[in-house]
2 protein chains.
Amino acid sequence: MPLFFKISHLFLLLFVSTLSSSSSPFGYNHPLDSLTLSELTQVKTIVKKSYLLINVTFHYVGLNEPEKPLVLSWISINHPTKNPPREAIVITQIDQKTHEIIVDLSSDSILSDKIYDGHGYPMLTSQEQNVAEKLPFTYQPFISSIEKRGLRLKEVVCQSSTVGWYGEKRKSNRMIKLIYYYLDGMVNLYMRPIEGITIVVGLDQMKIASYLDRLMVPVPKADGTDYIEPKPRARSNLQLDGKRIMQPDGPTFTLDGNAVRWADWKFHVDYDMRAGIIISLASIFDDDKGEFRSVLYRGFISEVFVPYMDLSEDWYDRTFFDAGEFGFGLSAVELQASKECPENAKFLDGYSIYQDGTPGKMPNVICIFEHYAGDIMWRHTELAIPGEVIEKVKPAVSLVVRMVSTVGNYDYITDYEFKQSGSIKVTASLTGIMEMKAVKYTNSDQINQDVYGTLVAENTIAVNHDHFLTYHIDLDVDGRNNSFLKAKQKTERFKDKKMSPRKSYWTVVKQTMKTESEGRTQLGLEPAELWFVNAEKKTKV
Amino acid sequence: MPLFFKISHLFLLLFVSTLSSSSSPFGYNHPLDSLTLSELTQVKTIVKKSYLLINVTFHYVGLNEPEKPLVLSWISINHPTKNPPREAIVITQIDQKTHEIIVDLSSDSILSDKIYDGHGYPMLTSQEQNVAEKLPFTYQPFISSIEKRGLRLKEVVCQSSTVGWYGEKRKSNRMIKLIYYYLDGMVNLYMRPIEGITIVVGLDQMKIASYLDRLMVPVPKADGTDYIEPKPRARSNLQLDGKRIMQPDGPTFTLDGNAVRWADWKFHVDYDMRAGIIISLASIFDDDKGEFRSVLYRGFISEVFVPYMDLSEDWYDRTFFDAGEFGFGLSAVELQASKECPENAKFLDGYSIYQDGTPGKMPNVICIFEHYAGDIMWRHTELAIPGEVIEKVKPAVSLVVRMVSTVGNYDYITDYEFKQSGSIKVTASLTGIMEMKAVKYTNSDQINQDVYGTLVAENTIAVNHDHFLTYHIDLDVDGRNNSFLKAKQKTERFKDKKMSPRKSYWTVVKQTMKTESEGRTQLGLEPAELWFVNAEKKTKV
């Protein structure tokens, strides 16, 4: 996965200079609302004031989430007089050191400012990547390497890639590698990697730290892989992109600030630079009890780890953290009705920051829509009652909250689907283009070693890799006291014909996990139902 | 699963007496078309003629599929002069023996008539079940059992259930058990089982063969389980059943008889009394090659096995074959737009038979529709090319062929989804109502033995069970010569830092199965890709 983003293009177009966009006197409506445009501007001012004349690079600004008991108390009262504290967490680089700064917005002050010296670095900014990607084009050894290959420099494009960490002694500063592709009239650059050149850039000095040209293999041809204007298809005479009016009477959900109400559900949805979508305080109305029952306190993508399985010099360190290094929210694209979302979608904006701390609007990065495809939620036909045919059908309508994050060649579609049954289905769909490696081989028969992937075209290997998405899921099923319960099948076999004419049956053994390590579960190894329950709350049976 | 159907109600309403409904001189258009109404009538006449004055019960009539080479040859020629033979397979009971009769329709004759004496019996007819279910209501021991429980006979409804086979010496004749429910003003009968009475009916004699009243437990109350007129919900003010115009310009697929064309796909779809939907000759156009490439010769549900995991006298033999005993096609319901299928669906009829051999129309048992829910098939945003933002989105539109079969309490939604990617996604969704068992317990704390299920309400156990759907899938991927290939991940670990700063990676090991037993695969145990390929056809790489 070539990793980069140039959202600065978008920022420049879309930057909004008005500082007030909220309706409450505090500039926000809900204690879990992400920081508003005016709050982000306030954060920048406060931090800059305490580092006068010192260069501060802003890598992340987000809401410093109030303590959970404060939020739960706030929502339990209809018009609370006292709001939870409104704080920001700011991750900066100051003098090549990572600072974690907590800013209190009500008192206009810095609450704490700690230097982080553990493993890892802050998210990359798009500005520093943009600058780094331009370095090779004036670097003579690189210019020579391109000429030596018979390629034209102006057709070369560059993307930044992270370097990972493999247990080595900690590196002294932040570094990225650069990856090159050859356009030459094509837009599908991932099909045309220029293989064999390794450039490492030190970001703090913004200089090329090391250069290695170790291998020359042909740039793949990539004929017929244009996805912008593919050749017309002979048989597909169908207007598959044709209009579908999904809800002529408009959406059936309501959006009050970032609070969503749909069917029996209510929840809060917001945007974060790193995590993308954050769902909070999801609860569902129980008609029998006459009250809302909590399901999820807070849920979001905490990391996306993408290790490639190629040990060669240019590839072994392609083990990306797509959220932590590149920002799932920062990589979000502007969604469009009838394209990424259906016609009946509503859209939400997000606010992000430049590396100088200035906020910018990310328009329409979240869409919310009623999802219906003609499927059935529940049905039954009853023919057993004499003289009566009973037929009842309920359509499968759900509510989807969606974001699309493009990190290099991959586009992640992340959905939170709220079902009428009370469940939330979390989906990540991967699309985009495969990361290719150029090789000398033109036919599989020539290959006699591990090439770490599949030869998909002449000189082109699609490299083996994984995507591991980890979610932060703080469930509050019927309250905070949740347990993890496994219900496993157990087969009982017997030979006593008096016991039963059968030879076996299965029964269910339930086990509530006592520790987190006991709860570790490898999915797929055995049939099991996995439940999160509030073990203290019982039904009447 | 209480097993029964009373489609005779529907038959009586919908019987069509015209004998010609097809457009070709042969009464059919395609060698894999199911038997037409006129052909089914012809079958009845031919069989009855050879058994004059003898009672023949028709249990199944279907197309005797022509040999595959004949069909493949027929479709390879545009206007073949010679059609494959048109034959019917008829399964009857004659003098308590099962006959498998092959009828040749062109010569109006019986080709073969074999007595089957292996295990098992033909599909049940709905007529014989209807008659059997009435027997207890004039049977004094049953009337006394109902009175003893303080119940009113006119509120009791009855369903037939099969008896299975557990390796015992073969039973001399066809038998079913009967299951009872207590309505008493409720429509949700499955919530109100009358437990403890075992009645076995011999179908050939149509008499009660054995009777046992062994246990009295309360009939569950089933309050609040009415699904017809549930109480209005306080919060759900949404019109979830509201209209959604999916395709204002109409469907984009064409239906010529039973031949479907959509996007790059073409295939044949039909109805069978036992299997339900049959998909044949699915192939997809390859624009690069300029030809259709075959994918699936023929696919359908061959059986649905539903064993319950309760060893008690009334329950141990509830191990149903929902297709082979009750008929997935015979149990199909009439589908409706905006209910089981979206507004843009087209519908197909099926033809089935009564036990006297008379055919009847099963209207709208199959629906076909373009499936779209605002999801994305493929997308990419490209920001790496200086001065350009490229964005391309293709919507996830597929074509679905659907049937709903109601077998007692369960409703099976069976879908064949044709995707633009060239894959066919086969889905079975189970809905309807759980099969309940009445018990003495009113609270889980009282239970100190295996009750074979979960106490879901006072006196009510939802009994543990499985549904095993088996499919007949005759793939012809790029021709008939298909192999089954497994691609497994293999982890390589090493400690030599010179080899790589990493400690491990995984690679892929591909294995083509040589025998069917080698191909046996337990899903879920390890990450693997499973492929059916034509190993003789190679791409140019």
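Glycine too: its Cβ is placed from the backbone N, Cα and C atoms.
Source: prediction; values computed, not measured.
Taken verbatim from TrEMBL:
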type: ACT_SITE; residues: A:D322; note: active site, proton acceptor
type: ACT_SITE; residues: A:Y410; note: active site, schiff-base intermediate with substrate
type: DOMAIN; residues: A:30-115; note: domain 'Copper amine oxidase N2-terminal'
type: DOMAIN; residues: A:122-219; note: domain 'Copper amine oxidase N3-terminal'
type: DOMAIN; residues: A:244-540; note: domain 'Copper amine oxidase catalytic'
type: MOD_RES; residues: A:Y410; note: 2',4',5'-topaquinone
type: SIGNAL; residues: A:1-22; note: signal peptide
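Spacing of A:Y410 (active site, schiff-base intermediate with substrate) relative to the residue listed as 'active site, proton acceptor' is 10 Å (Cα to Cα, whole number). Counted with DSSP, the domain 'Copper amine oxidase N2-terminal' (A:30-115) comes out as 23 helix, 32 strand, 31 coil. Sorting each residue of the domain 'Copper amine oxidase N3-terminal' (A:122-219) by its DSSP state yields 28 helix, 29 strand, 41 coil. The residue listed as 'active site, proton acceptor' carries neither a helix nor a strand DSSP state and counts as coil.
According to DSSP, the residue listed as 'active site, schiff-base intermediate with substrate' is assigned to a strand segment. Looking at the domain 'Copper amine oxidase N3-terminal' (A:122-219) alone, the prediction's average pLDDT is 93. Cβ neighbours within 10 Å of A:D322 (active site, proton acceptor), excluding its own Cβ and spanning all shown chains: 24. The Cβ neighbour count for the residue listed as 'active site, schiff-base intermediate with substrate', using a 10 Å radius and every protein chain shown, is 25.
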